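> Look at TrEMBL and you will find 1-21 tagged as signal peptide. According to TrEMBL, the feature transmembrane segment maps to 60-79, 121-139.
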Amino acid sequence: MTTKPYFLLCFVVGLSNPVDAMYYVQPWMLAVIIPLAGIREGQQLLHELYLLKKKSYAHINYHIGMFGSSALLAFALEFSEFLLVSSTSSLTLSVSGIFKEVVMLYLAVEYNNNQLNTLNIVGLVICLTGIILHCILKFHALQKEKPVNTDLVVTERLLLRRMESADEWSVDGDSNTRRTSLDD
């Protein structure tokens, strides 16, 4: 689900808590994914379930643990995406998504022994270059938007000194008599 309809739904329903939002959104996402997964992987899933009946409970517990940990990771990912987009922008979500893909690629190569060919390496370099360029451009844009004098503490001190100054606020130089209106 893209972020705009997701947050529109959360705004309409009045959800500000990510867990509440996922409670209402996840069933619809599941309703879309289950038929697609059934078409793509249904036959293999039925075969695996048939073979699973013939194996030991330790093997079944292993698969339940893998399924549960995957579900927990998916929940954490959805939760962090909601918090990221609500605190920043959808562009930041895109950059973090690319970073997530790079981490997944590393894990696939390191632990699943997947092979990287030249095309995959070129794509990885292009993605990393895009992330770096985005960060540089965002930094320069923030520097241009920054006002010249952003020191609020200095401004507050100047205002306090001005308010405490007896010459500006007193009538006829008497520091005990304060002006209460512009007509004084």
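Every residue, even glycine, has its Cβ placed from backbone N, Cα and C.
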> For the transmembrane segment (121-139), give me same-chain residues lying six or more residues beyond its boundaries with a C-beta closer than 8 angstroms to one of its C-beta atoms, as numbers and ranges.
91, 95, 98-99, 101-102, 105
> Cβ under 8 Å, sequence separation of at least 6 from the ends of the transmembrane segment (60-79): give me the contacting residues as numbers and ranges.
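Hits for the transmembrane segment (60-79): 18-19, 22, 26, 52, 100.
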